[in-house]
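K.L.:
Have a look at the structure that comes next, please.
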Amino acid sequence: MILVIGLGNPGIVYQYTRHNIGFIAIERIANKYHLSFSTKQKFNCKIAEAIIDRQKICFIKPTTYMNLSGKSVILVKTYYNINYEKVFVIHDDIDLEIGRIKFKTGGSNGGHNGLKSIDSIIGSHYNRIRIGIGRPQNNHDVADYVLSNFSESEYKTVMQSIDNVANNFGLILEHKLAEFKNKIV
């Protein structure tokens, strides 16, 4: 089974914020496969499960708020006995320009509180799909920035990148990670 986690904060107030780009992306990917999410209280998340191209897949959106995402991840990972190489986390990254996508396995959390939470519970040896949200301008507070909405042009750029990830997601299901990495650049 493949586990795909989209990071974000629950609630309508956060729905289109920069920090919720993981939720936005995972919903777009799930929609591509005509899946919908349902709440699973025992996992502290919203979940969509399917078999796609003979591959079991589980998409989750933790409902624990960003800083506690690891609690949801460990519950699902343990329940389904999923290995690290089959765990993919989609998240915002302020160190990448808006709309830029990078894929990597393992590494530092870069100060991202959702990744810190996951790392503290399961370690850092999982896959990451990083979506650039850019850095704040004019010494703007980072916390305020990540919780702000995109401008219309920024949102359009980010959605084009997310569509690129969704359109190439089948490569992950086929275990073609190098090809996926090259296609999403």
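A Cβ is built for glycine as well, from the same backbone N, Cα and C atoms used for every other residue.
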K.L.:
Which candidate from ASN113, ASN127, ASN138, ASN139 does Swiss-Prot annotate alongside TYR14, TYR65, ASN67 at the tRNA binding site?
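P.N.:
Site partner of TYR14, TYR65, ASN67 for tRNA, according to Swiss-Prot: ASN113.
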K.L.:
Taking only the residues the record lists as binding tRNA, namely TYR14, TYR65, ASN67, ASN113, what is the largest Cα to Cα distance between any two of them, in Å to the nearest whole number?
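P.N.:
Value for the max Cα separation, rounded to a whole number: 16 Å.
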K.L.:
Here's one to test understanding: among the recorded positions TYR14, HIS19, TYR65, ASN67, ASN113, whose C-alpha is closest in space to the C-alpha of ASP92 (site 'Stabilizes the basic form of H active site to accept a proton')?
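P.N.:
Of the recorded positions TYR14, HIS19, TYR65, ASN67, ASN113, HIS19 has its Cα closest to that of ASP92 (site 'Stabilizes the basic form of H active site to accept a proton').
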K.L.:
Would you mind listing, in sequence order, the residues at least six apart from ASN113 (tRNA binding site) in the same chain with a Cβ closer than 8 Å to its Cβ?
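P.N.:
For ASN113 (tRNA binding site), the qualifying residues are MET66, ASN67.
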K.L.:
Please report the distance from the Cα of TYR65 (tRNA binding site) to the Cα of ASN9 (site 'Discriminates between blocked and unblocked aminoacyl-tRNA'), rounded to the nearest angstrom.
P.N.:
5
K.L.:
Take the C-alpha atoms of HIS19 (active site, proton acceptor) and ASN9 (site 'Discriminates between blocked and unblocked aminoacyl-tRNA') and report the distance between them in angstrom, rounded.
P.N.:
8
K.L.:
Give me the non-local Cβ neighbours of ASN9 (site 'Discriminates between blocked and unblocked aminoacyl-tRNA'): same chain, 6+ apart in sequence, Cβ-Cβ under 8 Å, ordered along the sequence.
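P.N.:
ASN9 (site 'Discriminates between blocked and unblocked aminoacyl-tRNA') has long-range Cβ partners THR17, HIS19, ASN20, TYR65, MET66.
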